[in-house]
Amino acid sequence: MNTTFQTGLAYAKELDTKDELHQYREDFFIQPGEIYMDGNSLGMASKAAVTSIEKMIERWKKEGVQAWNDLYIYGEKISALMAPLINAKPQEITVTGSTTSNIHSALATFYHPTKDRYKILVDDLNFPTDRYAVDSMVEIKGYSIEEAVKVIQSADGEFIDEDAVIEAMTDDVSVILLPTVLYRSAQIIDMKRLTEEAHKRGIIIGFDLCHAIGAIEIDFKEIQPDFAVWCTYKYLNGGLGSTAGLYINQKHFDKKPGLAGWFGNRNDTQFQLKHQFDPQPDASGWQIGSPAIFSMAGLEGSLQIFNQLGMKKIRANSLNKTAYLMFLIDKELADYGYSYGNSTDDKVRGGHVCLQHEEAYRIAAALRNNGVVPDFREPNVIRLAPIALYTSYEEINLVVQTLKKIVAEKIYEEYSNTRSSVV
Ligand SMILES: *Cc1c(COP(=O)(O)O)cnc(C)c1O
């Protein structure tokens, strides 16, 4: 990790003048008087995304039903824009549903328990919805959660030990579902190693890329997992509840989608409306119902920047910004009870910083009242995401000064510790 920074606002401004991505801030709706540090939870609106949504609204007004003539395969256009981000073939990606519904769809496809192989292997740090989906799927198949969901316990509650995952790949495991970047500690899981080990044992493996896609480089051509799911409203800036992604490795194109629907039917026979499902011979066969065009349109605009710059540049920029933030936490905040739960190793650190403080909840509330948008995760974590495309070094520095002031002047004591919804 780069640690050759200096403190001070003048130095931060100097870093901004040298930052070759600094100008891209202009493409986003930066709100005056506000520092947005929650791009890991909901990416900021960009001008390009809003323009593409507006265009779609115009098409609806002018064309009515005829808009479907080409939009019924709109997902293919978005898949092609997304494919370079994970180095997959566009045909291996379909843009559909939500992360959670795509986990259901993938498990319905790949989880065929037998007497000897009936378990789904998960970890205890993944986002809860992934567990809800896994638990309900084993119950649909007639098992209890206790007998069929095998959970790898993290030793410290923050990181997953890959050796422990491999050890848990026993003969009774049918499918593995793991995160790629942990949503709290931002640990990056070694997908290549785990995929190789799973495949040696004949186990299907899939990953949840929610906190990884658009934040880190991913090479599925090399990793070759069986499936993957992700949302598009975090680092991809697709908009509130924008449509999710599902990757199906091309070696599985002969498999029947577990949750079938008419939009997964072959394009050339879909509108013959036959009662026999004839799936598309690629990932688009995993679409279910009509594509949510307005929820996808933002991606047509927002993904342009990613394709223009490439993930290598974006990742390098993000690593430097998280390193700078961690440097400032060490230098300026350690005396005030702050620490971070991230790895300092660039290979293991995703796109956000996991700031820890025992008063995290009240500090997050005070941050919001002082022009900073953070997000809080129980029990003591404030996630701060300095986003490559729109967070400046100056903003990072100002956030640190605000954090210092909130504790030094005991401002957080003015806030209640009673939890409310959403953030
Ligand atoms: C954000 C997130 C989700 C969200 O699921 P949706 O179904 O898209 O709402 C799922 N899993 C992980 C790991 C996440 O970070």
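Using N, Cα and C of the backbone, Cβ positions are placed for all residues, glycine too.
In TrEMBL, annotation is done automatically, which means it is predicted and not curated.
What TrEMBL lists as pyridoxal 5'-phosphate binding site is T99, T100, F127, P128, T129, D130, D208, H211, Y233, W262. Here F127 (pyridoxal 5'-phosphate binding site) comes close to P179, Y183, D208, C210: these same-chain residues lie at least six apart in sequence, with C-beta atoms under 8 angstroms from its C-beta.
Taking the Cβ of K234 (N6-(pyridoxal phosphate)lysine) as centre and 10 Å as the limit, one finds 27 other Cβ atoms among all the protein chains shown. Per TrEMBL, N6-(pyridoxal phosphate)lysine is recorded for K234.
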- Note on the structure: Going by C-beta under 8 A and a gap of 6 or more residues, the same-chain neighbours of Y233 (pyridoxal 5'-phosphate binding site) are L42, G43, G239, L240, G241, S242
- Under DSSP, is D208 (pyridoxal 5'-phosphate binding site) helix, strand or coil? strand
- Task: Enumerate same-chain residues with a sequence separation of six or more from T99 (pyridoxal 5'-phosphate binding site) and a Cβ-Cβ distance below 8 A; give 'none' if the list is empty.
- Result: T129, D130, D208, C210, V229, W230, C231, A244
- Could you check what DSSP calls T129 (pyridoxal 5'-phosphate binding site) once collapsed to helix, strand or coil? helix
- Message: Going by a 10 angstroms cut-off between Cβ atoms, which of the binding-site residues T129, D208 has the sparsest surroundings?
- Response: T129
- Item | Collapsed DSSP category at K234 (N6-(pyridoxal phosphate)lysine) | coil
